[in-house]
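Asks: Below is the structure I would like to discuss, written out as C-alpha coordinates.
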Amino acid sequence: MVYRKSENGLIAGVDEVGRGCLAGPVVACAVILTENLAIPGDSKVLSRAVRLSWYEEIISNSYNAIGMSSVKEIETMNILNATLLAMERALERLPVVPTTVLIDGRDIINNAAKYKEVKSVVSGDKIYGEIKAASIVAKVTRDRLMEGLDLTYPYYRWKFNKGYGTKEHLEALAKYGVTDHHRRKFAPVKRMLLR
(Lines of atoms letter the chains of each structure in order from A; the text may use other names.)
(Lines give C-alpha, C1' and ligand atoms only; values in the text may rest on other atoms or scores of the structure.)
Protein backbone atom coordinates (compact mmCIF):
# COMPACT_ATOMS: atom_id res chain seq x y z
CA MET A 1 0.00 0.00 0.00
CA VAL A 2 1.08 3.56 -0.67
CA TYR A 3 0.38 6.02 2.14
CA ARG A 4 -0.26 9.75 1.86
CA LYS A 5 2.68 12.00 2.58
CA SER A 6 3.51 15.65 2.93
CA GLU A 7 6.93 16.99 1.94
CA ASN A 8 7.97 15.99 5.48
CA GLY A 9 6.79 12.36 5.31
CA LEU A 10 3.81 10.34 6.57
CA ILE A 11 0.75 12.27 7.75
CA ALA A 12 -1.35 11.13 10.71
CA GLY A 13 -4.74 12.60 11.50
CA VAL A 14 -6.01 12.54 15.09
CA ASP A 15 -9.50 13.08 16.48
CA GLU A 16 -11.41 12.22 19.64
CA VAL A 17 -14.93 11.26 20.62
CA GLY A 18 -16.69 11.47 23.96
CA ARG A 19 -15.21 14.63 25.38
CA GLY A 20 -18.60 16.06 26.39
CA CYS A 21 -20.19 12.83 27.63
CA LEU A 22 -21.33 12.22 31.18
CA ALA A 23 -20.24 8.58 31.09
CA GLY A 24 -17.54 6.43 29.57
CA PRO A 25 -13.99 7.06 28.42
CA VAL A 26 -12.72 9.58 25.93
CA VAL A 27 -11.53 7.73 22.80
CA ALA A 28 -9.00 9.05 20.30
CA CYS A 29 -7.83 7.60 17.02
CA ALA A 30 -4.75 8.24 14.89
CA VAL A 31 -4.88 7.33 11.19
CA ILE A 32 -2.38 7.30 8.33
CA LEU A 33 -4.38 6.81 5.11
CA THR A 34 -3.51 5.17 1.83
CA GLU A 35 -3.35 7.51 -1.16
CA ASN A 36 -6.45 6.12 -2.85
CA LEU A 37 -8.90 6.55 0.04
CA ALA A 38 -11.13 9.65 -0.20
CA ILE A 39 -13.23 9.97 2.97
CA PRO A 40 -16.57 11.72 2.29
CA GLY A 41 -17.06 13.36 5.71
CA ASP A 42 -16.41 13.17 9.42
CA SER A 43 -18.35 10.93 11.78
CA LYS A 44 -20.91 13.61 12.67
CA VAL A 45 -22.25 14.03 9.12
CA LEU A 46 -22.41 10.38 8.04
CA SER A 47 -25.36 8.09 8.72
CA ARG A 48 -24.67 5.11 10.98
CA ALA A 49 -24.72 2.68 8.02
CA VAL A 50 -22.35 4.80 5.94
CA ARG A 51 -20.09 5.37 8.96
CA LEU A 52 -19.86 1.60 9.62
CA SER A 53 -19.06 0.92 5.98
CA TRP A 54 -16.31 3.54 6.00
CA TYR A 55 -15.00 2.20 9.32
CA GLU A 56 -14.33 -1.17 7.68
CA GLU A 57 -12.72 0.51 4.67
CA ILE A 58 -10.48 2.68 6.86
CA ILE A 59 -9.41 -0.21 9.08
CA SER A 60 -8.43 -2.20 5.97
CA ASN A 61 -6.64 0.66 4.19
CA SER A 62 -4.68 2.55 6.80
CA TYR A 63 -2.35 2.43 9.71
CA ASN A 64 -4.62 3.19 12.64
CA ALA A 65 -4.60 2.99 16.41
CA ILE A 66 -6.91 3.79 19.30
CA GLY A 67 -6.00 5.53 22.54
CA MET A 68 -8.35 5.93 25.49
CA SER A 69 -8.46 7.73 28.79
CA SER A 70 -10.60 6.18 31.48
CA VAL A 71 -13.22 7.87 33.61
CA LYS A 72 -10.75 7.73 36.51
CA GLU A 73 -8.11 9.53 34.42
CA ILE A 74 -10.68 12.13 33.32
CA GLU A 75 -11.57 12.73 36.98
CA THR A 76 -7.93 12.93 38.04
CA MET A 77 -6.43 15.12 35.33
CA ASN A 78 -9.51 16.90 33.80
CA ILE A 79 -11.11 16.28 30.43
CA LEU A 80 -8.65 18.36 28.38
CA ASN A 81 -5.55 16.60 29.69
CA ALA A 82 -7.25 13.20 29.49
CA THR A 83 -8.18 13.91 25.86
CA LEU A 84 -4.60 14.88 25.01
CA LEU A 85 -3.36 11.72 26.75
CA ALA A 86 -5.76 9.57 24.68
CA MET A 87 -4.45 11.24 21.51
CA GLU A 88 -0.83 10.64 22.55
CA ARG A 89 -1.63 6.99 23.26
CA ALA A 90 -3.23 6.58 19.83
CA LEU A 91 -0.17 8.07 18.10
CA GLU A 92 2.22 5.92 20.14
CA ARG A 93 0.31 2.77 19.16
CA LEU A 94 0.64 3.37 15.42
CA PRO A 95 2.93 0.73 13.86
CA VAL A 96 4.95 3.52 12.16
CA VAL A 97 5.90 6.98 13.38
CA PRO A 98 4.30 9.79 11.36
CA THR A 99 6.29 12.88 10.48
CA THR A 100 3.32 15.24 10.38
CA VAL A 101 0.45 15.11 12.88
CA LEU A 102 -2.83 16.93 12.21
CA ILE A 103 -5.10 17.27 15.25
CA ASP A 104 -8.74 18.31 15.07
CA GLY A 105 -9.39 21.33 17.29
CA ARG A 106 -7.26 23.93 19.04
CA ASP A 107 -5.11 21.83 21.35
CA ILE A 108 -1.60 20.44 20.87
CA ILE A 109 -0.44 17.17 22.42
CA ASN A 110 2.17 17.33 25.18
CA ASN A 111 4.71 15.15 23.31
CA ALA A 112 4.62 17.23 20.09
CA ALA A 113 8.43 17.49 19.98
CA LYS A 114 8.51 13.80 19.01
CA TYR A 115 7.19 14.68 15.54
CA LYS A 116 8.62 16.95 12.85
CA GLU A 117 5.36 18.91 12.50
CA VAL A 118 2.24 19.03 14.67
CA LYS A 119 -0.69 21.26 13.75
CA SER A 120 -4.03 21.75 15.46
CA VAL A 121 -6.71 22.54 12.91
CA VAL A 122 -10.08 23.99 13.92
CA SER A 123 -12.73 22.03 11.98
CA GLY A 124 -9.96 19.79 10.68
CA ASP A 125 -12.52 16.97 10.47
CA LYS A 126 -14.10 18.88 7.57
CA ILE A 127 -10.79 19.46 5.75
CA TYR A 128 -8.33 16.58 6.09
CA GLY A 129 -9.11 12.99 5.11
CA GLU A 130 -6.84 11.68 7.86
CA ILE A 131 -8.81 13.54 10.54
CA LYS A 132 -12.14 12.54 8.97
CA ALA A 133 -11.01 8.90 9.08
CA ALA A 134 -9.81 9.23 12.69
CA SER A 135 -13.19 10.68 13.70
CA ILE A 136 -15.03 7.74 12.11
CA VAL A 137 -12.87 5.05 13.72
CA ALA A 138 -12.94 6.77 17.13
CA LYS A 139 -16.73 7.15 17.03
CA VAL A 140 -17.47 3.58 15.96
CA THR A 141 -15.04 2.27 18.60
CA ARG A 142 -16.57 4.34 21.40
CA ASP A 143 -20.15 3.66 20.28
CA ARG A 144 -19.47 -0.09 20.44
CA LEU A 145 -17.95 0.27 23.88
CA MET A 146 -20.98 2.17 25.18
CA GLU A 147 -23.35 -0.35 23.56
CA GLY A 148 -21.48 -3.07 25.46
CA LEU A 149 -21.87 -1.18 28.74
CA ASP A 150 -25.57 -0.80 27.98
CA LEU A 151 -25.95 -4.57 28.40
CA THR A 152 -24.96 -4.20 32.06
CA TYR A 153 -26.57 -0.80 32.65
CA PRO A 154 -29.69 -0.73 30.42
CA TYR A 155 -31.49 1.95 32.47
CA TYR A 156 -29.14 4.66 31.21
CA ARG A 157 -29.81 3.77 27.53
CA TRP A 158 -26.17 4.14 26.56
CA LYS A 159 -26.89 2.07 23.48
CA PHE A 160 -28.77 5.10 22.18
CA ASN A 161 -27.24 8.16 23.88
CA LYS A 162 -23.62 6.89 24.05
CA GLY A 163 -23.19 8.52 27.46
CA TYR A 164 -24.24 12.03 26.44
CA GLY A 165 -26.51 14.02 28.77
CA THR A 166 -29.83 13.35 27.06
CA LYS A 167 -33.12 13.79 28.89
CA GLU A 168 -33.52 10.02 29.35
CA HIS A 169 -29.97 9.66 30.63
CA LEU A 170 -30.49 12.45 33.18
CA GLU A 171 -33.81 10.91 34.26
CA ALA A 172 -32.08 7.54 34.77
CA LEU A 173 -29.35 9.24 36.79
CA ALA A 174 -32.01 10.77 39.05
CA LYS A 175 -33.81 7.45 39.46
CA TYR A 176 -30.96 4.89 39.60
CA GLY A 177 -27.98 6.95 40.71
CA VAL A 178 -24.41 7.16 39.50
CA THR A 179 -22.30 4.23 38.23
CA ASP A 180 -18.52 3.81 38.18
CA HIS A 181 -18.70 4.75 34.49
CA HIS A 182 -20.08 8.22 35.19
CA ARG A 183 -17.83 11.27 35.33
CA ARG A 184 -18.54 12.48 38.84
CA LYS A 185 -16.96 15.91 38.38
CA PHE A 186 -19.16 16.77 35.38
CA ALA A 187 -21.88 19.18 36.54
CA PRO A 188 -25.04 17.09 35.87
CA VAL A 189 -23.53 14.04 37.58
CA LYS A 190 -22.11 16.11 40.43
CA ARG A 191 -25.57 17.62 41.04
CA MET A 192 -27.03 14.11 41.37
CA LEU A 193 -24.38 13.23 43.94
CA LEU A 194 -25.18 16.35 45.99
CA ARG A 195 -28.91 15.61 46.21
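Sequential numbering from 1, following the chain as shown.
Each Cβ is built from the backbone N, Cα and C atoms, and glycine gets one as well.
As listed in Swiss-Prot for this protein:
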- 9-195: domain 'RNase H type-2' (DOMAIN)
- D15, E16, D104: divalent metal cation binding site (BINDING)
Asks: Which chain neighbours of the divalent metal cation site, leaving out D15, E16, D104, have a Cβ atom within 8 Å of the mean position of the site's Cβ atoms?
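Replies: For the divalent metal cation site the neighbour list reads V14, V17, A28, C29, M87, I103, G105, G124, D125, I131, A134, S135, A138.
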Asks: Which is it, of D15, E16, D104: the one of these binding-site residues whose Cβ has the most other Cβ atoms within 10 Å?
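Replies: Counting every other Cβ within 10 Å of each candidate, the maximum falls on D15.
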Asks: Quick check: in three-state DSSP terms, what is D15 (divalent metal cation binding site)?
Replies: strand
Asks: Just to confirm my parser: what is the rounded mean pLDDT across the domain 'RNase H type-2' (9-195)?
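Replies: Per the prediction, mean pLDDT sits at 95 for the domain 'RNase H type-2' (9-195).
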